[in-house]
Amino acid sequence: MTKLYIFDTTLRDGEQTPGVNLNKEEKLEIAKQLAKLNVDIIEAGFPIASPGEFEAVKTIAENVKGPVIAALARAIPMDIDRAWEAIKYSESPRIHTFIATSDIHIEKKLKKTRDEVLEQAVSAVKYAKRYCSDVEFSAEDAVRSDFNFLVKIFEAVIDAGATVINIPDTVGYALPWEFGDLIRRLKENIKNIDKAIVSVHCHNDLGLATANSLSAIVNGAEQVECTINGLGERAGNAAMEEIVMAIKVRRLPFEVGIKTEEIYKTSKLVSNLTGIVIQPNKAIVGENAFAHESGIHQHGVIQDPSTYEIIDPKMIGIPESKIVLGKHSGKHAFEKRLQELGYSLPPEQLEEAFKKFKELADKKKEITDKDIEALVSNQIKLVPEYYRLVHLQVVSGIGIVPTATIIISEDGEEIKTVEIGNGPVDAVYKAIAKAIKIPHSLEDFSLKSVTGGTDALGEAMVKLSDKDGNIYVGRATSTDIVEASALAYLRALNQLVMLKGKG
């Protein structure tokens, strides 16, 4: 069977999802799980983007073993230098350099000629080869590029030493039969194509990223670039779990090294750390992917799951457990269930999570997996508590002006404020904003029930923006929805401070 390389770009292209801001520790946590998933290549980031991004890529390169660790760089020496400095300690480093090749990008964005772009691409690959034997070249907006120019530039960069050539559908414009045909024609016309791996990178603007990727694979692509849960700019990227499971379920003749039993754990980890909720009807990993409401379907599944399920849930690692957790459950049972759900917490975080679990168990008769995931997501969101909620009291009701009294701890000092609002949450947020004088704006607030029942956990989500328009997301859970709302607001503010400082 033909080997298919899985290139995961969750930490680079996936992190460009609006509202996603991962810190170094969170990126490392995801990278380690991607290594367990057994992806072939991890694109760890874009080192030139910021000092924090550089440190995150460097940390991953130094600590994650197994996959190739790639760093993105524009086709300019400064970017390539920075990329190499970040990944040089990896046991398998790759520099991934790119330049746009479509006429609209060349003329409008780059303000160059085709010849100048060709020269810059070749120079960049030669420059990268001085550092690294494994160099990937991407022709940005390849789908809208002139075919003959694509052939010319790919032949030139392969001669310059590129080991991988990548054909991106940057704006998600292609249709599956068109994209597959493009890959086939490129393979037929690039004279030195046998010296490089052909890669594809599909965006989902028309909802066709997975279909386009599969079409490319059956037409000769040997590497597919994708993200967990389909994260990415605009409508996202091709979802890794969809591509892999399509190949596995349909028994396509390609060798894929992914450990599919790690898919569910990886999906949940990425969702919890990025704060991007998986849509319920998302293929493979959505909450409803294995749910059946129709009576006819339910009857069939009870008799034989294969009547309506083409994938065994165990195949992607969805845990099956008969253990019911409650207030009498001990730490061992709690930790075992965490491991089944894909979480591995260090001792201090495990202790804090277990403490929260026991507090919740005193309020709820039965603890569900969703409750546990909600609790643990608060523990693994590795953001320092610059501001900590010490006290919260709200007075509200019919005929009463909602009033919030809060005490927040900052560097050991307590700040007390009182504010009124249009409702209890509004009053709390005004009190927090009064106590913490950091320029920001509230962009969005939502509240949902994690599970059913009057004793359910409520999950609050807050989006804040700074003066530059950057988005920071905070989430928190509690059986008290006002408390959850306050904690979510503070977590978003703490993330802002962590990334931007208090100025």
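Note that Cβ sites are derived from N, Cα and C of the backbone, with glycine treated the same way.
All protein chains included, H203 (Mn(2+) binding site) registers 25 other Cβ atoms within 10 Å of its own Cβ. For the recorded site, H203 (Mn(2+) binding site), the DSSP three-state label reads strand. According to Swiss-Prot, the Mn(2+) binding site annotation covers D13, H201, H203, N237.
Taken from Swiss-Prot, the feature domain 'Pyruvate carboxyltransferase' applies to 4-264, supported by sequence analysis.
Positions annotated as region 'Regulatory domain' by Swiss-Prot: 388-503.
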Residues sitting within 8 A of the centre of the D13, H201, H203, N237 CB atoms (Mn(2+) site), not counting those, run T9, P168, T170, C202, N204, A209, E225, C226, T227, G232, E233, G236, A238
With DSSP assignments reduced to helix, strand and coil, which class does N237 (Mn(2+) binding site) get? strand
Integer mean pLDDT for the domain 'Pyruvate carboxyltransferase' (4-264): 97
Using DSSP three-state counts, the residues of the region 'Regulatory domain' (388-503) come to 32 helix, 54 strand, 30 coil
Under a criterion of Cβ-Cβ distance under 8 Å and sequence separation of at least 6, what residues of the same chain contact D13 (Mn(2+) binding site)? E43, H201, E225, T227, L231, G232, E233, N237
